[in-house]
Amino acid sequence: MGSIGSMGKPIEGFLVAAIQFPVPIVNSRKDIDHNIESIIRTLHATKAGYPGVELIIFPEYSTQGLNTAKWLSEEFLLDVPGKETELYAKACKEAKVYGVFSIMERNPDSNKNPYNTAIIIDPQGKIILKYRKLFPWNPIEPWYPGDLGMPVCEGPGGSKLAVCICHDGMIPELAREAAYKGCNVYIRISGYSTQVNDQWILTNRSNAWHNLMYTVSVNLAGYDNVFYYFGEGQICNFDGTTLVQGHRNPWEIVTGEIYPKMADNARLSWGLENNIYNLGHRGYVAKPGGEHDAGLTYIKDLAAGKYKLPWEDHMKIKDGSVYGYPTTGGRFGK
């Protein structure tokens, strides 16, 4: 099911390509423009090399890089939609593919920090999904918490797509939210360094298994003179097994066939381990329809705005000061 890295379109389902884009070293706006040109060139080259591909995915930070000294500066921020996303839209339309792109988005409210945003563009050149990272990688990332929820859109081959960004994938509730809204192919774009390589692979698999959906994940690759980024694009089956696993090579293109209908059928026909259903219908053998209240305290507390850990008052790090971010004034807390 795609482990050989197919080049053609399957009879059912679709072919996906995840690009292990080299970590960009960005010091000026010209560098961003160069990255955009490189991404577009890579998109067209991938379509030429894999003519059956219908979805091409680029990792987090591939457009604007990770220059932490400048990533909040106006020079480095983009708008969605904007002239840069129009270039991506034009490329998708020309290549007749769906594309997933990463944008550090200027906040419409200038008093607030920027968003870390992902977009999906369809083969007609339209932005069909816009997602703002719900769980920035605290305490290192300064992005404002996303406010668009977890949107789901139609994709190729009967797929229903959702996108999470990097650390989002460590939050199992977010994958469940996507599946609860119908997602059967969960995309994860990341800019992780090697410290969490194993955990990244683990959660890609668990997010698939817990929700009976495919996961397609890709990370930046290479060295930026500070950290090494592991690449290792991964496609997981809805049973949590890894179908395709990339290596650590920058520019590696990880491809695989995805059959969304198989995930849909599992959700409809499985009894054992249909856990996304069982969560809301526990014990349905003994009680018709099961119990609909899972009785989970943390869910009730989250809904009531009262979420608090037993050890929270004693935690050492609860703001960005360890990485030099302000805790008062400016954009903080706006």
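Placement of Cβ uses the backbone N, Cα and C atoms for every residue, glycine included.
Annotation comment: Swiss-Prot describes 14-260 as domain 'CN hydrolase'.
A simple way to gauge crowding: the CB of E60 (active site, proton acceptor) has 29 other CB atoms within 10 angstroms, across all the protein chains here. Under the DSSP three-state reduction, E60 (active site, proton acceptor) is assigned to coil, being neither helix nor strand. Annotated active site, proton acceptor per Swiss-Prot: E60, in sequence order, evidence recorded as sequence analysis.
For the recorded site, K133 (active site, proton donor), the DSSP three-state label reads coil. The feature active site, proton donor is assigned by Swiss-Prot to K133, with sequence analysis given as support.
Annotation note: C166 (active site, nucleophile) sits in a helical segment as assigned by DSSP. Taking all protein chains in view, 27 other C-beta atoms sit within 10 angstroms of the C-beta of C166 (active site, nucleophile). Sequence annotations record features per position, and here Swiss-Prot assigns active site, nucleophile to C166.
Here the C-alpha separation of E60 (active site, proton acceptor) and C166 (active site, nucleophile) works out to 7 Å.
The average pLDDT computed for the domain 'CN hydrolase' (14-260) is 97. Spacing of C166 (active site, nucleophile) relative to K133 (active site, proton donor) is 9 Å (Cα to Cα, whole number). The Cβ of K133 (active site, proton donor) lies under 8 Å from the Cβ of Y115, N116, T117, A118, W143, P145, G146, C164, I165, C166, H167, D168, each of these being in the same chain and 6 or more residues away along the sequence.
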